[in-house]
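Working notes for the structure below.
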Amino acid sequence: MAKKKIGLLVMAYGTPESLEDVEAYYTHIRHGRKPSEEALQDLIGRYKAIGGISPLAKITKEQAHKLTDSMNNIFTEYEFNCYLGLKHIAPFIEDAVEEMKRDGIEQAISIVLAPHYSTFSIKAYNDRAIRLSEEIGGPVIEPIEQWYDEPKFISYWADQIKETFTKIEDKEKAVVIFSAHSLPEKIIAAGDPYVKQLQHTADLIAAAANIQNYTIGWQSAGNTPDPWIGPDVQDLTRDLFEEHRYESFIYCPVGFVAEHLEVLYDNDYECRVVTDEINAAYFRPNMPNSQSIFIDCLTEIVSKKMKEVVDKDLVLNNN
């Protein structure tokens, strides 16, 4: 008997795979408006500063395929097929949905490689996928909407922080900054849970790592007229130093799951500039990337959704 196929739609922001792709990528982010030459060269300069191109594309593919393999090892009566859908560069989310349809996939589970729910992020990804699937008559997509408090996600970061603290002599003079990508402030007034979820993640990790000196901050804000959520991690670093005279700063960009421009430049370069300026030590624990412990975390998240799908199918088949 043939195994039932399940589509595993893994969605992420995407990144250019070469410097030649940067302009098209940036134009897509700007809703079709080409960036000025100055803005384009600034972005290209940032990529060059981290080695020429971001490792994100390679890492995202590894995460998606390793997750799919893991799911197939657990749910042996099903066949999970991997589909990668990106927000701002090919393969786009819509490409992945159309490919599932062509492959005859009738049911799919979607996961966004970002832990915190926001109308700007996870909701937007899932809406794009579900909207098209409904227009073309399938597949039925079961979305995972958030996983900011997943125990294995929390324990990953707690362990990273504990490891980092072994390198610090005066632990009372160290502070952890948990961060995520800033978004326009207007989402808060609309009741978006994004900020509260980051705070909850930070509280859970801090408790698991047994640390008292920590706070949340925001990074990589867009250059638009609208105000974005703050404080920015660089400003926050200066403020914390002025108020507490911390000697060590540990940056945990928990809103991201892989090394990419926002971590390798915005944290490892820009935040380090500030810590050098105030003569403090800079630390940034390892990102989850495609480490087996993080793949186990993602597998746990998708498995919970898969069990819901199976239970739903049983109810429908028994009626």
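Note: Cβ is positioned from N, Cα and C throughout, glycine not excepted.
So that you can see what the record holds, here are the features copied from Swiss-Prot:
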BINDING   TYR13, ARG30, ARG46, TYR47, SER54, TYR125  Fe-coproporphyrin III binding site
BINDING   HIS181, GLU262  Fe(2+) binding site
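For SER54 (Fe-coproporphyrin III binding site) paired with GLU262 (Fe(2+) binding site), the C-alpha to C-alpha distance reads 10 Å. Sequence-distant neighbours of GLU262 (Fe(2+) binding site) (same chain, 6+ apart, CB under 8 A from its CB) are HIS181, GLN219, SER220, PRO253, PHE256. Site extent for Fe-coproporphyrin III: among the recorded binding residues TYR13, ARG30, ARG46, TYR47, SER54, TYR125, the largest C-alpha separation is 26 Å. If you take the C-beta of TYR47 (Fe-coproporphyrin III binding site) and look for same-chain residues 6 or more apart in sequence within under 8 angstroms, you find PRO16, LEU19, VAL22, ILE53, SER54, LEU261. Highest local Cβ density among the binding-site residues ARG30, ARG46, HIS181 belongs to HIS181, counted as other Cβ atoms within 10 Å over all protein chains shown. Taking a C-beta cut-off of under 8 Å and a sequence gap of six or more, TYR125 (Fe-coproporphyrin III binding site) has these contacts in its own chain: MET11, GLY85, LYS87, ILE93, SER110, VAL112. Counted within 10 Å of its Cβ, the other Cβ atoms near SER54 (Fe-coproporphyrin III binding site) come to 23, all protein chains included. Listed in sequence order, LEU56, LEU86, LYS87, HIS88, ALA114 are the same-chain residues six or more apart from TYR13 (Fe-coproporphyrin III binding site) with CB atoms under 8 A from its CB. Under the three-state DSSP scheme, HIS181 (Fe(2+) binding site) falls in the strand class. DSSP classifies ARG30 (Fe-coproporphyrin III binding site) as coil under the three-state reduction.
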